[in-house]
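> Dumping what TrEMBL says about this protein:
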- 7-26: transmembrane segment (TRANSMEM)
- 32-48: transmembrane segment (TRANSMEM)
- 55-71: transmembrane segment (TRANSMEM)
- 77-94: transmembrane segment (TRANSMEM)
- 106-125: transmembrane segment (TRANSMEM)
- 179-204: transmembrane segment (TRANSMEM)
- 247-273: transmembrane segment (TRANSMEM)
- 285-307: transmembrane segment (TRANSMEM)
Amino acid sequence: MKKSSNARYILLLIILIVNALYSYLFLTRGEVIFLSFIVFIPIAIYSLQYEVDSRLICCMLAVSIGIYMLYGIEDFILYSMLIILPAFIISYIVKEEIAFSKALSFTSLLMFVCFLCAIISLKYICKIDVIEGYFNIIDALEIEFTNVYSGFFKANTNSIQEYSIAMGTFKNTFHFMKYYYPALLYLLCLGISFISILCIRVIAIKAKLYDHGLGNILGLKVSRSMIVFLLITICTKAFNLSSNSYFLIAINNILVILTVMLFLLGILFEVSVIKRVRSAGRRSLLILVSIFCLVFFQAYFVVAGFIDSVFQIRVKLNNA
């Protein structure tokens, strides 16, 4: 670690101020949520190089208080919980030099907690219900899209039944976005975490702040205990005798998260298999089959991800 100096804290203060101005002058609050990794990556890179001490914390507090005075308590909460906290969480996890898959799991979970804390704080401190606002946006979009596309579906369907199926599919999409918002929020955190860890490791390696390589991205996996948890969740839903709707919603959201994770692992498994095939003809055939399954038979990748997670096939192939 480099020695502390006044220049170090001036540099950090500049980074924080520039990030704050970029966040709230050039981005809306919604964009800050989706593009927060752009803002906190410089802070995370800086914290990789230096230790966190009292003077460092004072710099962060100074900028946070400035945001509170200029923009209000809402932006203070967003900046603190969606930018400052994730930046130091990610830099700490990267410093620990753990495997990419574990780093991704820890980061996405902690970032999900940060998002929940921000949502709860906005609701009870600022009286801003983010979830209700999200539902209102989805309802407005559903009405607008229904008005726009109902005529299109009528003109391009041959029967009332086809029209009903098309409109039903359309409405189910918006219902899915409302019912599974916790799962969608976690998957958003998972995506942000993946991009953030990847960018931070690449930049840190280039700047010679990190000496342990990028990590095997294709080696991402879930533990067998997660598969056991998935099976328990499926059984719980199948034999659910509880009348508590919140419990059922939680179970369904967990299943969506685990299913999407297995789907992504199935894609990685397919990529690993294709990479190991030496024959150009067989490789082309596997690519075509994979594209066909990706378009028409997505369940294949879920099954492939499940089998790979249970039997650790990619790990065995890499060690072979």
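From the backbone N, Cα and C atoms, a Cβ is placed for every residue, glycine too.
Heads up, TrEMBL stuff is auto-annotated, nobody curated it.
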> Do the transmembrane segment (77-94) and the transmembrane segment (32-48) share at least 3 Cβ pairs under 8 Å, sequence separation 6 or more?
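The transmembrane segment (32-48) and the transmembrane segment (77-94): touching, yes.
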> Mind pulling out the one from 55-71, 179-204, 285-307 with the most Cβ pairs under 8 angstroms to the transmembrane segment (32-48)?
179-204
> So which residues does the transmembrane segment (179-204) touch in its own chain, when a touch means Cβ under 8 Å and the partner is 6 or more beyond its ends?
33-34, 36-37, 40-41, 44-45, 48, 86, 90-91, 93-94, 100, 103-104, 107-109, 111-112, 115, 131, 134, 210, 214-215, 217, 249-250, 252-254, 256-257, 260-261
